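*Asks:* Mind looking over this structure? Questions follow.
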Amino acid sequence: MKPSAPRPNAPRPRSPRAGFLAATLALATLSACGQLNPPLQPQTVFLGQAASASAQQAFSGTWAVKDVPSWLTVSPASGSGPVNLTVSADRAAGTPLNADQRTLSGSFQITWTLPDKTAGSATWTVQADQFRLSGRVVDAARLNGADARLGDAALGAGTAGGSRGVIVTYREAGVRDAVLAARGSVRAQAQANAAVARATLDRLGVSAGARSPLGNRAALLDTPASASALAALRADPNVLTAVPNVTLHALATPAAPLTPTDQYAPLQWAYPLLGYGAVWRDMESGGYTKAVTVAVVDTGVRYDHPDLAGQLYGPDDGALDVITTVGNGDGDGADTDPTDPSVAGRTLGSHGTHVTGIIAARWGQNTATCAGCSPTGVVGATYRAPVKVLPIRALDSSGDTTAADVANAVRYAAGLSITLDGKTFTNPHPAQVINLSLGGAVSAAEGQPMCDAIADAHARGALVVAAAGNDGTTLPFYPAACAGAVSVASVTLSGGSAPKHAVYSNAYPQVQLSAPGGASYLARTTFNGAVLGGSPFPDEIFSTGWDYVRNQPNYEAESGTSQAAPQVSALAALLLSKGVTSGPDDTLARMVATATDLGAAGRDDLFGSGMINAAAALNAPVVSDTLGLRLQDDQGRAFQPPLDALGRFTAYLGDGSYSVVAGRDRNGNGVYGESGEPRTERRVTLGTAAPATDLGDLTPTP
């Protein structure tokens with residue numbers, strides 16, 4: 001049977017191959033659609049030595065940047081469509097303490113979402129090359145002798161100082177023997193040369209009794225080593241050399257730093273940092289004889305803390321509570337009892353007790369007051385110096401005060417009469433130093449009443465020390481910013497040979513000095529190396545406290561400019577007690593002059609004139625003598641590149657300006673080249689214009 005002919009316009013049957021081609025075309029079309037919306041891919045951004053760079057990637061959808069390292073800045077933080085970022089590096093913020101990374105590397109995440117709701121994340125890595133700083137710390141020659149010269153270098157006219165006679169070396173042993181022998185006992189062959197040598201000595205007036213043998217061919221002559229005598233001896237053809245018998249001096253063996261044995265003293269790292277091991281050794285020999293009163297204007301104090309027994313003026317001896325409101329925590333108004341009271345809900349922490357202990361906690365055995373209480377506790381800076389604290393309560397149980405209460409407290413502390421609730425109070429022990437670990441970010445006009453009181457106190461001979469503030473801002477903090485106050489910023493340990501600015505510490509033009517206040521509890525560090533309860537002890541300030549739940553003494557770790565200020569107050573008191581200074585102006589000047597400059601050269605808003613140096617300020621004895629390097633940038637960040645056996649170092653750093661100090665540590669605090677210590681300093685700027693700098697040899701000098 002024949003197949004029928006197809007009808008006109010009827011669809012023709014599709015071949016199998018045609019169907020395959022159609023399916024392939026459809027798949028290709030779907031694949032092409034997918035390529036138009038690919039997911040975001042990982043990428044590496046190379047900065048080289050540039051401060052910033054752009055990075056792009058095609059994308060359709062929304063995206064957001066997450067988890068950016070602290071040393072990087074990425075902008076914008078989010079967007080839609082193609083990713084076009086600017087990546088900037090603050091290399092110094094990412095440089096490790098040892099400064100040993102040639103290239104910094106960090107990564108951030110970009111989360112993304114496609115139009116079809118597909119989502120994911122991509123890791124972008126950033127690499128930034130560092131800049132190179134190198135040099136060598138070289139020890140100076142350790143022999144002392146003003147007359148020491150190389151070879152036959154000419155001496156100045158007149159008698160050479162620092163020598164005891166002349167050493168003459170003759171060309172022949174026989175001549176030396178002849179010079180020393182009695183006349184007539186010299187062998188014939190040496191007589192001619194001996195006659196010339198003897199004649200030279202006779203002209204110089206060197207008798208036979210003033211000539212002593214020294215080795216095979218040399219003689220020691222007991223005669224002044226004048227330039228003319230040396231010239232005459234060197235003119236003798238029998239003489240090989242003639243040099244002064246120079247005087248060398250024994251290198252002083254450092255005294256051992258005095259280390260307290262109180263139970264918690266190893267946790268008090270701030271004192272060694274300020275050189276107190278040398279200061280306390282200095283106290284052992286006396287000299288701190290003048291009585292000094294430090295007024296602590298604060299929350300009051302716990303008189304029943306055993307580590308403060310005998311260190312405080314009491315209610316019948318000038319102590320005062322200036323708060324006139326009844327609801328201030330102790331249930332009454334102004335009176336002569338500045339005890340930091342217990343109130344409902346209060347648990348730990350007596351701010352005033354903590355501050356007071358930093359200054360004056362007693363050393364040695366305490367009177368036992370409770371089961372489990374430490375028998376020795378902590379120590380205070382003033383040790384055996386006749387320094388007493390006058391507690392003045394101006395902060396209520398909530399830690400608040402008013403400008404009027406502070407003004408009254410300051411005037412009273414300085415010995416000016418004040419009237420509270422119709423009653424007049426006069427301090428029988430006017431304070432030479434007033435500590436204010438309090439304040440607020442108020443306006444200059446609002447702070448003026450406190451500034452007026454501080455001016456009055458200064459006129460009465462008191463130095464007013466105040467905490468710079470813990471806001472981490474550049475706003476002035478009053479009363480610390482008052483013209484007559486010493487505003488104290490906080491530093492903490494860095495792990496290197498220089499402390500660093502504490503992140504919470506305010507920085508503004510009125511900051512004058514810095515002192516250890518500890519690290520932020522939000523970013524704790526443990527560089528001090530101590531251990532408490534089996535765990536590394538944080539870099540915070542350990543001092544006397546009070547447990548209000550158990551109503552018993554305890555010890556607490558706190559951080560802040562409140563802890564830095566009493567370090568300055570304590571040093572001021574010791575300067576007055578030793579008689580190094582006699583009033584507020586020269587006391588401040590002494591602390592400024594001996595401070596350890598940190599960060600940018602000279603005074604800056606972060607550190608003021610620098611960190612106080614108790615050992616230098618008090619002329620304490622040498623207790624160590626080690627050589628090392630101190631390296632900081634202008635922001636006060638510290639770096640510690642290791643020194644090899646020859647003193648060489650190489651540091652890989654970010655762009656910026658740096659202070660490089662090679663010096664000796666004489667007070668045992670691990671900070672090299674401070675005031676009064678041998679040092680040399682170089683300033684260097686690294687960047688694309690100067691990517692590598694070799695400082696050569698750095699030799700500390702007195």
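Cβ coordinates come from backbone N, Cα and C, glycine included.
Where the annotation comes from TrEMBL, it is an automatic prediction and has not been curated.
Feature list, courtesy of TrEMBL:
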SIGNAL    1-34  signal peptide
DOMAIN    290-610  domain 'Peptidase S8/S53'
ACT_SITE  D298  active site, charge relay system
ACT_SITE  H351  active site, charge relay system
ACT_SITE  S562  active site, charge relay system
REGION    664-702  region 'Disordered'
*Asks:* Measuring Cα to Cα, how far is H351 (active site, charge relay system) from D298 (active site, charge relay system) in Å?
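*Replies:* It is 7 Å, counting Cα to Cα.
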*Asks:* How big is the Cα-to-Cα gap, in Å, between D298 (active site, charge relay system) and S562 (active site, charge relay system)?
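*Replies:* Between the alpha carbons of D298 (active site, charge relay system) and S562 (active site, charge relay system) there are 10 Å.
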*Asks:* If we count other C-beta atoms within 10 Å, could you say which of the active-site residues D298, H351, S562 has the fewest?
*Replies:* H351
*Asks:* In the region 'Disordered' (664-702), how many residues does DSSP assign to helix, to strand and to coil?
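*Replies:* Across the region 'Disordered' (664-702), DSSP assigns the residues as follows: 0 helix, 20 strand, 19 coil.
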*Asks:* Could you please provide the mean pLDDT value for the domain 'Peptidase S8/S53' (290-610)?
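*Replies:* Over the domain 'Peptidase S8/S53' (290-610), the predicted model scores a mean pLDDT of 95.
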*Asks:* Sort D298 (active site, charge relay system) into helix, strand or coil using the DSSP assignment.
*Replies:* strand
